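Copied over from TrEMBL:
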- 19-44: region 'Disordered' (REGION)
- 26-36: compositional bias 'Basic residues' (COMPBIAS)
- 44-96: domain 'P-type ATPase N-terminal' (DOMAIN)
- 67-84: transmembrane segment (TRANSMEM)
- 90-108: transmembrane segment (TRANSMEM)
- 290-312: transmembrane segment (TRANSMEM)
- 332-358: transmembrane segment (TRANSMEM)
- D406, K407, T408, E509, F550, K573, R607, T687, G688, D689, R800, K806, N829, D830: ATP binding site (BINDING)
- D406: active site, 4-aspartylphosphate intermediate (ACT_SITE)
- D406, T408, D826, D830: Mg(2+) binding site (BINDING)
- 910-1078: domain 'P-type ATPase C-terminal' (DOMAIN)
- 938-957: transmembrane segment (TRANSMEM)
- 977-995: transmembrane segment (TRANSMEM)
- 1007-1030: transmembrane segment (TRANSMEM)
- 1050-1068: transmembrane segment (TRANSMEM)
- 1084-1109: region 'Disordered' (REGION)
Amino acid sequence: MTDRHRLAVFMEITQACSRGQLQQGKPRRGPRKRWHSGKESPTLDNRIKTSKYNIFTFLPVNLFEQFQRVANAYFVVLLILQLIPEISSLSWFTTVVPLVLVLVITAVKDATDDYFRHKSDQQVNNRKSQVLIRGSLQKEKWMNVRVGDIIKLENNQFVAADILLLCSSEPYGLCYVETAELDGETNLKVRQALSVTSDLGDVSKLHDFDGEVICEPPNNKLDKFTGTLNWRGNKYSLDNEKILLRGCILRNTEWCFGMVIFAGLQTKLMQNCGKTKFKRTSIDKLMNTLVLWIFAFLICMGVIMAIGNTVWEIWVGRSFEMFLPWAEFQSSAVFSGFLTFWSYIIILNTVVPISLYVSVEVLRLGHSFFINWDVKMYNSQTDTAAVARTTTLNEELGQVEFIFSDKTGTLTENIMVFNKCSINGTTYGDVYDEFGHRVEITEKTACVDFSFNLLSDGSFKFYDNTLVEAVKQKDPAVHEFFRLLALCHTVMPEESEGKLVYQAQSPDEGALVTAARNFGFAFCARTPESVTVCEMGHAVTYQLLAILDFNNTRKRMSVIVRDEEGRIKLYCKGADTIIFDLLDPSSKDLVYTTSEQLNYFAGEGLRTLALAYKELDEEYCDVWMKKFLFLSSVLESREDQLAALYEEIEQGMKLLGATAIEDKLQEGVPETISRLNLADIKIWVLTGDKQETAVNIAYSCNMLRDDTTEVFVVSGHTLMEVQQQLRRAKEHILSLSRVSDTGDDEKNDMYGDDSVFEEAIIAEYALVINGHSLAHALEPPLEVLFLDLACLCKSVICCRVTPMQKAQVVELVRRHKRAVTLAVGDGANDVSMIKTSHIGVGISGQEGMQAVLASDFSFAQFRCLQRLLLVHGRWSYFRMSSFLSYFFYKNFAFTLVHFWYGFFCGFSAQDVNDQNSLRHPSLYKSGQSHLLFNKRQFFLCTLHGITTSFLLFFVPYGAFSVMVKEDGSQLSDQQTLAVTIATSLVIVVSVQIGLDTHYWTGVNHLFVWGSLTMYFVVLFAMQSDGLFGIFPNTFSCVGASRNCLSETSVWLVILLTTAVCIVPDLFIRSIRVNLFPTQTDKLRRLQQSRKKQRPQEQNLRRVRRTSSRRSAYAFSHQQGFGELITSGKNMRANRISSTCSYERTAPSSNFIDNVIKRTNAVSCVSFGSPNKHQSNTE
């Protein structure tokens, strides 16, 4: 052994048969480990890095990213040209200063964003972990943990790296982990160490441990691991059940030891994170194309000016050589034209102004502040405001076509609530007024008072007092109902800070056991052979004879218990469709009533469960138990034979009732999805949960409805099966959507282009696909078929998907549909798709901050998404489009005046408000279709600018050619014409921006009229006596503006020019708005007519479903916990009687006894004096 403990880890490093091998190394701060081939092994520390830059790469990488903008490269070329005095009439600093300003501002913004990523990385890397070093446990930073280290984890700690579980404080090397950071599931999962290492709980034993591990190379498969442990001459197989992954949290386990297998970027969590990508908006990409076009247009103007100058020099210029001589280097008219070309490239460069990009960045920054300041997106419960974590994607929010959403923690609160129940045909859970009318439950509705029950859970809420009254009246059916809930489960009890706490591997079970606890049947303790329940204040211990475990085929679980009076009973809970087939005929009438009530529960979007029981004969039970014990030890077809035996004893049960659990949706989720659907945004749910769970939530949040034409389920296990299912579903949709009387030729032609039907299909279809099927669907032969089918469906639900599969689905849509995508999630398992999508949204929920740190925008609840897109996104896109259209118009109008002048100088540049944006989501479609700013709109504003520039020059030019001053002198001097055109230009573009402004505020008035005022201030200052005295060569036109603007005729020319430029535009606007109004125009007019009235928010109510479709049992439940409990492997040894048995150390017997004594003291008051029973039957 070395003085610092290190294990050798063998890893596959090539696809060949040979394996790479790491030798056991020296101390970690000594020589590095080497491969057996002699090559240096890679650094296997635990450091993570999510940032993009470091101090050395920031400048080159950031400049490379910025110069992907064509305009930035264009201005560098322009700067070089301005440094040549023979062709430049402008100073170089007029370009270099704004260019440097743009680059610096963008770099500072990018550096700030990356600084926070560095800060987050350091926070994680500097966490402390206990590492076995030199035979003792020492504190080490996470980033210093290496592959092969043995680390100790304690309860509620995050797992620092992917580790092989060696031993734990629990019997048989068991431990419990929560994997919410990985797959979004908060239910506990069991991991178990190898039996040969489970007793290595002592540090000295661990120090002497010299095993070797051969394992798979780093990969992103969260549910698979393959490896072998070589120790003491033996080989032991390793699988996923023996691995604790980074990001998990150790729960319900005092401590455990593990050996690091993968560290840092090689861990499965980081392998699923994906790379941080440089995101650019579609408008940025369009502007790159437009800049190229404008540059080509600029070249054309330069060529025209060069040809014109050459012709002018040959025909006219020679006559002026006396006072306009050529420079020494000018040898010919052609060379003069060549120099003129470059001169006009510089003079007309303002047609692509660098100020455009400065203005765009400022506009985006302002939009980001609007998002951050929106109080309607603020969550007071968590004190969380919406945050725009990037300022470059705001207008992209107004063009989203696809939303990819996680389920757990994003659509739901990840909280199960016992909402309603049916017991012996009577429903409980609804609240009625004195007239017998059902009352909607709100926050103001009074809850049931459970203060009589000292074991009640204070967080549990129920609103129907009649159920409590039925419990107090000792209704046999009600007592048996809650007794079943208290006995039939795999929950483990604990004592925490003097309180009874349940650790449930399924949130459904936790909710049911908590409900039984509050209604007087508190599950208190269990051993492998018994279950203790505090029933109505009295402790009752049941002998646990058998647990008939749950699996996905049975969809139910049962327990067989013997009470203190010797009676044997079987209690069963499961999916109603399964339970009803196992009932005794005597329950026929009750089945009909309960089935109707289950339909009602399902219509409310609740997860339902049927409950039944059966009394067993002693002799029959003994015979059955012998068969059970025998089959439990057989090797072949054990599960099938046990399932048949289970079904045998479960026949002939009596129905007790049903439960209805609410998988609580976040506030406003159904309304948000309804609005987004009306905006023609497609929503796909990508979740790691089971199919039944995801489908049930889809019904609850209105993604799936009872009027959905058909739900296609793709669950094939092979490529051929998946292909057949996808093709069959697609052909079914297309065949029903075609017009029946079309001819064969026409029909074949239509078949060739399926995209035609995406908009034409009226029926609503849904697609549900499992993770193993999705893996095949994403392969190149099937990916287009899968995407075509998915786009034909209204809703798409992908279940049991890995984080990397989420990213692959997003990438598939990005690559083939060329649509703007948005991904929203709240856990580390969503980081990959958040980074892959055009826009990533993180929800700061219960699963940590990884999604938020990787996102572009973040907020507390899913409901904020509708406001982010339909209000801020649409406004940002609308404002940006209006700004760009106006900016290009203004610049063409300004710049081309120089072009027209060249022919005479010898050729010597809001919308509707937020309420209406939410009330009418269809307004959002204009962004998806790129209607407000596109190539056509660019040509229109360019044509408008060219026309305006033509009028701005030729109207004053024509007027001055026939006008004289009041004293009879001519007005045709150059400075008078320049001042008149410039003044007309500023007034025209100011009036134009006023026409484009839909909401006038103080800020609008300040900047519009302030800019006009500032123009005159600067104009008179530049031609003042003072500046001429300081800079006589630069400001030589003294008094030109005063002389010009003091003439009445000049102001008449300015007024005429303004009218000629503006009146045609006003006429066209009037015709368009009145004869061809858009939906926005109609709403704006309606809004103005109701300006004095307060807009009323349209309520998008969730439609109650009346379907008979009901959810199945305990969707997040896992098989195997029943066997774990009866074996006693998950219970610590503790002497509780004269015989040695097993019991959970918490809650302690003293704790239970004290509570029961206190409960017994008040039981005569709490549960006595029965009142008249009242029940409400639905």
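Here the Cβ of each residue, glycine as well, is placed from N, Cα and C on the backbone.
Overlay of TrEMBL annotations on the structure.
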residue	record	Cβ within 10 Å
D406	ATP binding site	31
T408	ATP binding site	29
F550	ATP binding site	24
R607	ATP binding site	26
G688	ATP binding site	28
R800	ATP binding site	19
D826	Mg(2+) binding site	30
N829	ATP binding site	33
D830	Mg(2+) binding site	34
Worksheet, complete the sentence: As a whole number of Å, the Cα atom of T408 (ATP binding site) is distant from the Cα atom of D826 (Mg(2+) binding site) by 8
Worksheet item: How many Å lie between the Cα of D830 (Mg(2+) binding site) and the Cα of D406 (ATP binding site)?
Response: 7
Worksheet, complete the sentence: Quick tally over 67-84, 290-312, 1050-1068 of CB pairs under 8 Å to the transmembrane segment (332-358) gives the top stretch as 290-312
Worksheet item: Which whole-number value in Å describes the distance between the Cα atoms of F550 (ATP binding site) and D826 (Mg(2+) binding site)?
Response: 30
Worksheet item: Rounded to the nearest angstrom, how far is the Cα of D826 (Mg(2+) binding site) from the Cα of R607 (ATP binding site)?
Response: 23
Discussion item. Give the nonlocal contacts of the transmembrane segment (1050-1068) in its own chain as ranges (CB under 8 Å, at least six residues past its ends).
Written reply: 944, 948, 951-952, 955-956, 959-960, 963, 971, 976, 980, 983-984, 987-988, 991-992, 995, 1044
Item to complete: Whole-number Å only: compute the distance from the Cα of D826 (Mg(2+) binding site) to the Cα of D406 (ATP binding site).
Response: 8
Response to the item:
Taken over the domain 'P-type ATPase C-terminal' (910-1078), the predicted model's pLDDT averages 75
